[in-house]
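Features reported for this protein in Swiss-Prot:
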- 34-177: domain 'SIS' (DOMAIN)
- 49, 50, 51, 52, 53, 54: ATP binding site (BINDING)
- 52: site 'Catalytically relevant' (SITE)
- 68-69, 75, 81, 107-116, 141-143, 215, 267: substrate binding site (BINDING)
- 75: Zn(2+) binding site (BINDING)
- 104: site 'Catalytically relevant' (SITE)
- 145: site 'Catalytically relevant' (SITE)
- 186: site 'Catalytically relevant' (SITE)
- 203-261: domain 'CBS 1' (DOMAIN)
- 269-321: domain 'CBS 2' (DOMAIN)
């Protein structure tokens, strides 16, 4: 039984991959035309489809929307009962129907023409009513479904999904849509945390900043280390410019070497040291700490003045891993 199940699963995947392998050679003028129509659309892309095509259509609409192209899904039946009012003359409709002969099209196509709405087709029958009415046709046809009865949409839905991805990615690249643009539409996700957060969003402020003056003693710095528990202290002049850092490691080395606690900290500190810019991306700042094998750093503003402090744990708690 186990072998039979494995064989059935493998056969399905092989058939779907075989059908999908024909898609690249089908991309041509119609694909370019469809992409350009979407690129120049001043409104939204309205995706529609029935049955399994509708389910895939929802995903295509979501992919377009998250990659820089405003889009939403409308079910054809709902469109014919009022939701056509959502679609405006500035919009584009992408209709998905493998047969290209869905009866709802008989009523939808004239309404689109009345509003001068461009129609794009994703179909397995380019010469169907849908294909003939569309300004661009994306061919998703298959020789056979992966279903052993040749009934359940399987290979055809894979082709539909892949064609939708190809269209969305081509448009995305043409728009110059980048990682930060993507993060703005995913602010609650891990990518949003990685790309949208700046150092100043995560840093410790005010009394939580470990700092001493240049005139402070090693003892003062040691007490500040203990108070804040960050593993370092920023050593600043009277203008709050960071002149160095005094770390747990500096303290250990100082004491092992017989240094006195009354010595000015500027004689025991690491001169300069690593500082992070408050306006830098948090992910970039974390990489600096990792690369330099340190766990914390002072944060400075554009003038080099101390404005905060941060350690690796602050990044991890914000989901920047």
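Using N, Cα and C of the backbone, Cβ positions are placed for all residues, glycine too.
Feature annotations (Swiss-Prot) mapped to structure.
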residue	record	DSSP (3 states)
49	ATP binding site	strand
68	substrate binding site	coil
75	Zn(2+) binding site	coil
109	substrate binding site	helix
142	substrate binding site	coil
267	substrate binding site	helix
Checklist line | Top Cα neighbour of residue 68 (substrate binding site) in the set of recorded positions 50, 51, 52, 54, 104 | finding: 54
Check: What is the Cβ neighbour count of residue 145 (site 'Catalytically relevant') at a 10 Å cut-off, with all protein chains included?
Finding: 21
Margin query: With Cβ-Cβ distance below 8 Å and at least 6 positions apart along the chain, what are the contacts of residue 109 (substrate binding site)? List them in sequence order.
Written below: 119, 129, 130, 133
Check: Out of 50, 142, which has the highest number of nearby Cβ atoms, where nearby means within 10 Å of its Cβ, if these are the binding-site residues?
Finding: 142
Check: Which chain neighbours of the ATP site, leaving out 49, 50, 51, 52, 53, 54, have a Cβ atom within 8 Å of the mean position of the site's Cβ atoms?
Finding: 55, 56, 57, 96, 97
Check: Looking at the recorded positions 104, 267, which sits with the largest number of other Cβ atoms within 10 Å of its Cβ?
Finding: 104
Next item on the list: Express the distance between the Cα positions of residue 186 (site 'Catalytically relevant') and residue 52 (ATP binding site) as a whole number of Å.
Entry: 27
Next item on the list: Determine how many residues of the domain 'CBS 1' (203-261) DSSP places in helix, in strand and in coil.
Entry: 23 helix, 17 strand, 19 coil
Checklist line | Nearest recorded site to residue 104 (site 'Catalytically relevant') by CA-CA distance, among binding-site residues 50, 53, 54, 112, 115 | finding: 50
Check: Given the binding-site residues 75, 112, 115, which lie within 10 A of residue 54 (ATP binding site) by CA-CA distance?
Finding: 75
